[in-house]
Amino acid sequence: TETPVTGEQGSATPGNVSNATVTAGKPSATSPGVMTIKNTTAVVQKETGVPESYHQDFSHAEITGIIFAVMAGLLLIIFLIAYLIRRMIKKPLPVPKPQDSPDIGTENTADPSELQDTEDPPLTSVEIETPAS
């Protein structure tokens, strides 16, 4: 199984690489540019200790997709907040107002010229119990 790894990409798959042909640069008389690796383990690591094949830059399409997803999420949150605010304006929290409360009926509307009898009627008879002696 031959696994060609080109020198321009600069990436290698971690694991066993056997009989790989690595082409680097232009072949000339002094440097043929072709190097054959047999039965070795090639793991390219950076200073972080993470194999370089795991390190992937985002392509433009992926960045565009991420931005699109973030914007769609923000738009969804904005619409949710706007919907909740609109519902609060349509049906506010029940605060009892004396002019709006339906408990006060309209049958009590009297002429303001008539005097309203707001006091209690006077007591007609007062019985005082005397203790039996």
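Including glycine, each Cβ sits where the backbone N, Cα and C put it.
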Swiss-Prot annotation, O-linked glycosylation site - which of THR21, THR36, THR124: THR21
Candidate annotated in Swiss-Prot as O-linked glycosylation site, out of THR30, THR40, THR118: THR30
Per Swiss-Prot, the candidate from THR41, THR64 carrying the annotation O-linked glycosylation site: THR41
